[in-house]
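Colleague: Shown below is the structure under consideration.
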Amino acid sequence: FLSALEPRACSASSFSSLLCPRIMRPDDANVAGNVHGGTVLKMIEEAGAIISTRHCNSQNGERCVAALARVERTDFLSPMCIGEVAHVSGEITYTSKHSVEVQVNVMSENILTGIKKLTNKATLWYVPLSLKNVDKVLEVPPVVYSRQEQEEEGRKRYEAQKLERMETKWRNGDIIQPVMNPEPNTVSYSQSSLIHLVGPSDCTLHGFVHGGVTMKLMDEVAGIVAARHCKTNIVTASVDAINFHDKIRKGCVITISGRMTFTSNKSMEIEVLVDADPVVDNSQKRYRAASAFFTYVSLSQEGKPLPVPQLVPETEDEKKRFEEGKGRYLQMKAKRQGQAEPQA
């Protein structure tokens with residue numbers, strides 16, 4: 001359904017916004033008391049799904065539900081702890097003919113001191129699917145922009161993500177296989193998989209999996225890979241663009257697999273692949289449903305960054321993925337340094 005995203009000028013309706021507060025509980029966090037990155041991603045997606053579905057049903061016409069198609073790179077700017085209140089706010093910032101761009105911010109609030117911190121900023125893209133036929137993508141009601149520049153900037157973001165998605169060639173036949181007695185610090189040593197039967201609680205009312213559920217499972221697997229590699233407390237530092245290639249329906253068995261691709265001195269990049277197996281439908285074969293790269297950092301008991309054991313790639317494919325990961329790392333590092341430079 002991702003191929004249905006086509007550009008469209010916006011001409012009617014108004015911006016929509018949403019604010020969802022929620023207190024962080026012990027089951028939201030890891031053993032160190034930091035909230036799981038997957039929990040934050042799930043809250044972000046829930047806010048995006050609500051606001052985009054609400055907007056797509058704001059005019060008379062066929063009813064629909066908004067499905068997550070893509071999440072742009074998301075940085076975890078500050079950790080969130082048990083007992084803090086997460087304030088998740090979302091706003092529609094651009095619409096094309098068949099897609100909605102939602103900007104979501106997450107603030108953490110210490111309700112004892114009143115101190116608030118920005119923890120996440122995310123950009124998500126949704127497509128409206130018909131309630132009568134979830135394989136049918138509907139048109140999106142346009143929005144009105146307060147400034148002409150907002151529409152132009154949104155169109156540029158739309159074209160950029162569309163181009164990047166088209167250039168991303170995921171290897172559908174690339175399956176992560178277990179290796180007997182792997183050596184420490186190798187890709188095989190830390191690679192991990194989780195098998196999950198998709199049940200009703202994972203799905204929308206229309207029988208396919210919430211994007212936030214998938215992202216939470218992806219983060220859990222990536223976290224296991226990172227912890228196995230460095231054997232310390234780890235936290236999610238960032239998530240590269242997550243592409244949802246196809247819907248996952250209720251009753252599917254999904255395999256979420258993760259493997260280390262690159263390490264710098266203080267960070268680890270993990271590739272996560274989600275494959276869906278429609279076990280109750282013999283007419284459809286196993287397929288790649290989602291994919292992304294997660295970056296983790298290792299922390300001491302005091303919360304200070306620790307050096308990361310360097311990855312030892314063994315095969316030619318592992319060495320190639322290492323160099324590709326190094327390129328992404330250097331590119332993002334240069335971008336951050338450029339943003340940090342004082343403006344003239």
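Note that Cβ sites are derived from N, Cα and C of the backbone, with glycine treated the same way.
Note: TrEMBL annotation is automatic and uncurated.
I grabbed these lines from TrEMBL:
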type	residues	note
ACT_SITE	Asn30	active site
ACT_SITE	Asp219	active site
COMPBIAS	317-327	compositional bias 'Basic and acidic residues'
DOMAIN	14-132	domain 'HotDog ACOT-type'
DOMAIN	188-302	domain 'HotDog ACOT-type'
REGION	307-344	region 'Disordered'
Colleague: Please list residues from the chain of Asp219 (active site) whose Cβ is under 8 angstroms from its Cβ, counting only those at least six apart in sequence.
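Modeller: His36, Gly37, Gly38, Leu41, Thr236, Val239, Phe294 - these are the non-local Cβ neighbours of Asp219 (active site), listed in sequence order.
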Colleague: For the domain 'HotDog ACOT-type' (14-132), what's the mean pLDDT in this predicted model?
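Modeller: Average per-residue pLDDT within the domain 'HotDog ACOT-type' (14-132): 91.
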Colleague: Sort out the residues at least 6 away from either end of the compositional bias 'Basic and acidic residues' (317-327), same chain, that have Cβ-Cβ distances under 8 Å to it, and list them.
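Modeller: Tertiary neighbours of the compositional bias 'Basic and acidic residues' (317-327) are 187, 261-262, 269, 271, 293, 311.
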Colleague: With every protein chain in view, how many other Cβ atoms are within 10 Å of the Cβ of Asn30 (active site)?
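Modeller: Cβ-Cβ neighbours of Asn30 (active site) within 10 Å number 16.
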